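Undergrad: What TrEMBL records for 4-120 is domain 'Response regulatory'. What TrEMBL lists as domain 'Sigma-54 factor interaction' is 145-375. The 4-aspartylphosphate feature in TrEMBL is assigned to Asp55.
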Amino acid sequence: MKDCLLIIEDEALLGNELARFFRKQHWDVSVAVDIKSARQFLNGQDVEPIVILSDMNLPDGNALDFLEQSGSGLPYAEWIFLTGYGSVTDSVRALRLGAYDFIEKPCELDRLHMLVEGAARSARAQRRLQQETSQHFSRYSLDALIGRSQKIQILRDMLKQLANVPFSSLVISGETGTGKGLVTRILHYSGNRASKPLVELNCAAIPKDLLESELFGYEAGAFTGAKKRHRGLLEQADTGTIFLDEIGELDLDLQGKLLKAVEELKFRRLGSESTVEVDVQIIAATNRDLLGKVKSGEFRQDLYHRLSVLNIHIPPLRERIEDLRDLVPQFVADCNIKTGKNIKTIPDSVWDQLESYDWPGNIRELHNIVERCVLLADSEVFPAQWLQLPNKNVAAAVVANDGMFIPLDGSLSLQDMEKVIIQEALSRANNNVTGAARLLRATRETMRYRVQKYHLKYDQD
Ligand SMILES: Nc1ncnc2c1ncn2[C@@H]1O[C@H](COP(=O)(O)OP(=O)(O)OP(=O)(O)O)[C@@H](O)[C@H]1O
Ligand SMILES: [Mg+2]
């Protein structure tokens, strides 16, 4: 399909010459002789110009006023203005209004051609960006939060209200896999910062000594290895949202620096003399009891109060089991598409198992299990044998003195055994991961990984 160029020019001779020239260059050209007809073109169904080439002064008004009024709701187009000699103020205003460029009359056709091609490239890139953003809009609309339970309905209502409020910061709490990341995206993409960046930082995933430079950025030479200036995540999120996941993992020193930056909305890059101002909305998430951490002195009270202007709690799946009836069919449908399977029926025995399990890994665990089952299905029926929900009855293992008795009668899977051993070691080490690791002669990292894998309770050390 040819790209469409709209020429707005009241001098018929010039308008026709330009139209002829660009038609030869394979453009689909429409000519409007005044603002009224240009408006008709733009509002009609047939013409969707990617570039608009316009004279400044038209019989029924100034084209810049027209540019200012039009735009929103239409697919992105770049504007190039044809200006009379010496109309500097108009040209400046044109650029301020976002025009691609202006060119003085009489203009060389070759130069104009280059300009129009450049504008078309730019408009195409903008349209791609718009399209991606709108895909995000629909992917992360309120409907993306599935669930019929009253708790989820209340949450959806809350998110709907928040989308219209320019909040400065907010804390989302909830166990692992309950949907904190999803809720963050919904908040961002349904709010007024939707077309601006959403930048994520998982405070638990980055070594402590790198967190500061990730957040605030640095100047060249700020420390060994800092070769070039680096814009930190706060700066990258300017005008948009920064998502600080697992905020409870920030150490106290950095909490202080973050508080200062959040309060003043400015900070310094590492090694810099000057300050950078930012306008960011903060969403912080935690799967731990942040208030408990405040009480035990591990999290600054002032930062907690600054961030938790608003609090959203996402209840665990076991407290809203009825949501399974919406979540499972949706996940099955998604996985059917992804894997080319065609599961149509979910037997009652499967529902029974799903509804009696307590879902420590919440929706993420559910999603993974559904995905596995769909992948391994060999008919149109959801395969119960691949559910493999962990045995709830791990109490079968018996603790005795320094050791423990583990039955080999099939009541415990190998995974269950590993879980009970680790659980027991943790309890003997007063929930301390390092202590438990010592008991089992494992490294702290291995232990931490397994403790998280089995969703066991432990104390931070
Ligand atoms: N109510 C829901 N409806 C549909 N999908 C959901 C819902 N809640 C969570 N999910 C999906 O479950 C998965 C896990 O959710 P998410 O990553 O947001 O959890 P989380 O709370 O951020 O977990 P973690 O604490 O481990 O980071 C994602 O794929 C998410 O899209
Ligand atoms: Mg998450």
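Even glycines carry a Cβ here, placed using N, Cα and C.
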Undergrad: Same-chain residues six or more away whose CB lies under 8 A from the CB of the residue listed as '4-aspartylphosphate'?
TA: Ile8, Glu9, Asp10, Glu11, Ala63, Phe81, Leu82
Undergrad: Averaged over the domain 'Response regulatory' (4-120), what pLDDT does the predicted model reach?
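TA: Taking every residue in the domain 'Response regulatory' (4-120) and averaging pLDDT yields 88.
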Undergrad: Taking helix as H, G and I and strand as E and B in DSSP, count the residues of the domain 'Response regulatory' (4-120) in helix, strand and coil.
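TA: Summed over the domain 'Response regulatory' (4-120), the classes give 50 helix, 29 strand, 38 coil.
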